[in-house]
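Chemist: According to TrEMBL, the feature domain 'ABC transmembrane type-1' maps to A:51-255, A:329-535. Feature annotation from TrEMBL assigns transmembrane segment to A:12-31, A:51-77, A:89-107, A:140-159, A:196-219, A:231-257, A:296-314, A:334-353, A:373-395, A:415-438, A:459-481, A:516-535.
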């Protein structure tokens, strides 16, 4: 870029990045501390099971999401059948549903005391659990199904876009060369979509690794729940940090493998030449199969659990509509809005520096700041606390030095710790969306405005910002939903006396009384829906 | 220098703005809101001292430890004994000298050095299915007997209530024997440990298991909830080990936080919690056994009958707590 940035800009970028990755360093430091042999005890006893459960779950959910999402994405992107237009966005809805709520609802239905087994028992006159076999809902497999139902939209979204953008002429060519539709899908479309699928599965696996509530409700201990238990059960922060480090290692290896697997894949295709006439018009049973498949998926992943939630909320409305409910809703909205705003502001600054700085090293801060998304909330909480506690004490010591009454726990005693952790975790989302929008702005525009005498601030404010508006908004919305839903970091970092909707609902879930928290759960879902619908609309307009 | 100092103070003060009101207390509570709130409201009415309560199921001790001398906590309420001891061991408590409290609480329910006080007793019971087992004369040791294979339901072994039971087994039988017993119980489980005590009774009602391990006050709670009456009515409550050492008893309790800024008011609150009024409320609202001997258990609780409690000194439970958690991991009780 032709514009020389002052050192101040670089310094700001590096400072932001340093603050964002500070928790990671704190965590590693903490892991190096002695832990009174708690870790070696865990290592000898339960750790192998925790690791096995974590890996198995990531594998199963990744695989499950692929199987569920690919057909749906293909139907919607490339075929025509009744309801296609609606399913296009309806299938995103499950993303707004926290997995533990789906898990609760299905447990209520399918466990021994649930309607399904009760009916079976009365029909076949079985008396005891020994009389028949029924798969246990609260199990590793059960958790995998619940998480797949909720997380598949990540794969679906990316696969749908990939299929849409695939060159129609290639697919036509394959058909002319004698491929059946099935064969051309299998040998051409699917392999071409592989990079998108890989990214989708990586996202799903990360979300799975970070899941705390579903597995703890299902009593399937994973590394994430183990971190929580080791910290609060054994009281060993150091051992918890060691477990967290293993967890991070697993995740980074996974991300690495995913990158390695598609290192040689490059897509050479021009702008999508897709047009509506290229859709396969499904007829006969195929038409019903496609509609049926999408409807069933939507039914199980969203409509049914949501309907049951509404039923609960209706039945228990009086107990649920309380001053606390309103207070926690406001808390949730406030935190989510604050986090979105901070993430956008910082990401924008970092991406701006990266774009116009002549120094190649200035692209580093934005890359570093994206690592947080891979860190599960439980793990992140440990990393956030140690430096902030240190900071709190230093400030109070400073006051004491001046013989003054200190401010108390300024950072760990307020929502600061929570907001900080959320920002670290979700910055990657806004960085990604702003990066994408930047790609669409021609560099010559920057040059033109500088020639016209704009300084960097004016360039950012008057030229880039208006053009980035959409990307910024989309990113902010995603961060907003994630902040509403994020549970483990909130559980561990909320200041004394502070609850938000996620922690409130989870408390009821773990007490097996979701009925009373259903109203709050509905708010989480509904607030999550608005951004999803908006996001989808902007995606559609783009394509 | 003086100028510099005052500027610094001004600057720092503008960031802070946290004021400590004299007539208010902060209580950190492991115990649930529905139980504590009415009692504290009464306290505020009587004394004019405002009480802010913070509830959490886990991690309060870790939190206070981290907060150190900056901690806003004045009084901590716990729902079991291991957590009282955890607070003591981490040196987070201040001893209290109050004749009122000592008069209200018998010596076996408080620390010799006045660092902790029990508030209520809670008995770990064995619930049995009315239809399939009937009333039982049972010992905890019997839970490992082969005849109960596939018949027992319980919550996570790591939960403080179960961990304390395991700790008491270690105290009575030694670690090796306790481990064999625990393995036996695990082999008898009808399903992986999950849910809370209430959920275990529900499972008995549904026929998933015949025996549930649970605290007695859950029976009262279920009887008070129209939806759950039928669960409660499907079981008998059995006090274990009546022919020998007596049933395992855990206690809920309280401590004064080491760095409390309002120790006088905090002690007033603690005295109130041991008084007849508050103890009565505990007994009525949560169906627990009061520790103040002048307060009787509620009618319902009394109807469950008298029982003999294990005379094992409570601090023995704490000594074996870590060992119990480790045993639970060693036999992979929850996995």
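In case you wondered, yes, glycine gets a Cβ from its N, Cα and C as well.
TrEMBL entries are annotated by machine, without manual review.
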Chemist: Other than its close neighbours in sequence, what residues sit by the transmembrane segment (A:51-77), given a CB gap under 8 Å and a spacing of at least six beyond its ends?
Modeler: 84, 87-88, 91, 140-141, 143-145, 147-149, 151-156, 159-164, 185, 189-190, 197, 200-201, 204-205, 208-209, 215, 220-224, 246-247, 250, 254, 282, 290, 293-294, 297
Chemist: Let me check one thing: do the transmembrane segment (A:89-107) and the transmembrane segment (A:373-395) come into contact, meaning three or more Cβ pairs under 8 Å with sequence separation of at least 6?
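Modeler: The answer is no, given that the two segments have fewer than 3 Cβ pairs within the 8 Å cut-off.
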Chemist: Any contact between the transmembrane segment (A:12-31) and the transmembrane segment (A:516-535), i.e. 3 or more CB pairs below 8 Å with pairs at least 6 residues apart?
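Modeler: Answer no, regions not in contact.
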Chemist: Please work out whether the transmembrane segment (A:373-395) lies in contact with the transmembrane segment (A:231-257), by counting C-beta pairs under 8 angstroms that are 6 or more apart in sequence and asking whether there are at least 3.
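Modeler: Between the transmembrane segment (A:373-395) and the transmembrane segment (A:231-257), contact is present.
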Chemist: Grab the same-chain neighbours of the transmembrane segment (A:231-257) for me: Cβ-Cβ under 8 Å, and only residues 6 or more beyond its ends, written as numbers and ranges.
Modeler: 27-28, 30-31, 33-36, 38-39, 42, 47, 50-51, 54-55, 58, 202, 205-206, 209, 223-224, 374-376, 378-379, 382-383, 386, 492
Chemist: For the transmembrane segment (A:459-481), find every same-chain residue at least 6 residues outside the stretch whose CB is under 8 Å from a CB in it, and list them.
Modeler: 3, 95-96, 336-337, 339-341, 343-344, 347-348, 352, 355-356, 426, 429-434, 436-438, 440-441, 445-446, 449-450, 527-528, 530-532, 534-535, 538
Chemist: So if I exclude everything within five residues of the ends of the transmembrane segment (A:296-314), which remaining residues of that chain have a CB under 8 angstroms from its CBs? That is, six or more out.
Modeler: 68, 72, 87, 90-91, 93-94, 97, 101-102, 105-106, 108, 149-150, 152, 320, 514-515, 518-519, 521-522, 525
Chemist: Same-chain Cβ contacts of the transmembrane segment (A:196-219) under 8 Å, 6 or more residues past its ends?
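Modeler: For the transmembrane segment (A:196-219), the list is 53-54, 57-58, 61-62, 65-66, 69-70, 98-100, 103-104, 107, 137-139, 142-143, 146-147, 151-152, 154-159, 161-162, 225, 228, 247, 250-251, 254-255, 258, 261-262, 373-374, 376-378, 487-488, 491, 506, 509-510.
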